[in-house]
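Report on one structure; see the data block that follows.
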Amino acid sequence: MPACEADIVVDEQTALLLTRTIKKPTTPLPRLQISVLLLLQLAEPITSQCINPFINQLVRELDITGGDERKVGFFSGLIVSLFFAVQAVAVMQWARLSDHIGRKPVLLTGLFGLFISMVLFGLSRTFWALVFSRCLAGVLNGNIGVMKTMMAELTDSTNIAQGFAFMPVVFSIGATIGPFIGALARPHDRFPIFRGAFWEKYPYFLPCIVSATYSALAFLLASCFLKETLPKILRVPDNESTEPNISKSTRESPVPLRELFIFPIVISVSNYASLALIDMAMLALLPLFYSSPIEHGGLNLSPSTIGILLGTFGLLNGVFQAFFFAKIIKRLGAKNLFITGISSSILIFLLFPLINLLALRRGVSPIVWVAVVCQLVITIIMDMSYATIFIFITSAAPNKRSLGATNGMGQTLVSICRAIGPAMSSSLFALSLEHNLMGGYAVYLVLVVTSCLALLLAAHLPSEPWQRD
């Protein structure tokens, strides 16, 4: 090779290496808008988690099962799943609508739906009234997908991990507050101020109205302070029209739905769905396991104890995610962290039968509590997978104007899995006991196999998320 050509090749290679090693400076996060967005996100985990401490007791008191304790898990899981089943039908429509009319109107509609549905849930005294309130919440609420879209629009490639790291933290905070609110159930049994005919007739109205009040406050907050992020309807001043980011985003348009079925989106969304299936199955099992009698595969804990237990570990989860997630994903990498989280679910499911066997022999002794704490600590590891997969999905979108549809596609599939998860695990729990399958523990074998299949799917993710402009 002539010397001059060799010099050119060396110079090109050197320039390429320098380009790869020079990192963009991290863009500061828009703190006010992200803070408002996260406060709005808090409404959904509060309203969804506040019913967990008392839903099984509510099913028993309404005599939905005809006195058959083994069927409680089936009906409670069905009620929990209805929200996600109906949401799966509506969420894609809300997401695509947000690509045209804006994110803010869709978020306000969802918050209104949460408020109304929780008030109705607290006043429900029949199975079908509970069904109606949960379905209403699902059909009016497509917020989580739209919130992820707004987070992506408020960040860029330098700070997206930092922005999305806050979302599971907020969910953990909501999952902390929700069970504590749920522990306010049956206030007439403990607080003299609530003694009266109304509270005796509607013993679960207090936690529902408290969570509904937060949704109402979030509605007012969004109305006053949340700014629209959809590029098409942003007002761009003339003197800023030459900015590359603004001009590019305003020229882009949402791609047709069929063009979203590309490998990066499909594999990312599929892994999100598998995580949601496993997580929701586990979340439905925890209160059912804690509340069921020891001889029926549980620990026989009270609703208030369950609320305090789940709330405390939700708080610890939030603290851990806030302080350690960014460091851990930087050290392990996105794919390795996601696989670690999925792997931890296997240990979670294996601990359920071990804890019950210990309780059968020794009662709810200190060693049982140690095992319970170990299990809940492992759930913290599993929850890190959420922020990781959010980054994969966002980076897979064809362009910024398609973020709503991309997240909507993911949320649709995830809503289906979140509907299946609680119904699957609670029904398997009931069937395992009713037919004494593997001593009543067959449910956990099925869930371990499901986690192993999710691991195989996770292996197809790239080592790091796709590059995003």
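Placed from the backbone N, Cα and C atoms, the Cβ positions cover glycine too.
Just so you know, TrEMBL annotations are computer predictions that nobody has curated.
Quick look at what TrEMBL annotates:
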DOMAIN    33-466  domain 'Major facilitator superfamily (MFS) profile'
TRANSMEM  72-94  transmembrane segment
TRANSMEM  106-123  transmembrane segment
TRANSMEM  129-151  transmembrane segment
TRANSMEM  163-184  transmembrane segment
TRANSMEM  204-226  transmembrane segment
TRANSMEM  260-286  transmembrane segment
TRANSMEM  306-325  transmembrane segment
TRANSMEM  337-355  transmembrane segment
TRANSMEM  367-393  transmembrane segment
TRANSMEM  439-459  transmembrane segment
Stretch contact, the transmembrane segment (260-286) with the transmembrane segment (367-393), Cβ-Cβ under 8 Å, 3+ pairs: yes
Model confidence over the domain 'Major facilitator superfamily (MFS) profile' (33-466), averaged pLDDT: 85
Distant-in-sequence neighbours of the transmembrane segment (439-459), which means Cβ under 8 A and at least six residues beyond its ends: 267, 270-271, 274-275, 277-278, 281-282, 285, 296-297, 335, 338-339, 342-343, 345-346, 349-350, 352-353, 356, 425, 428-429, 431-433
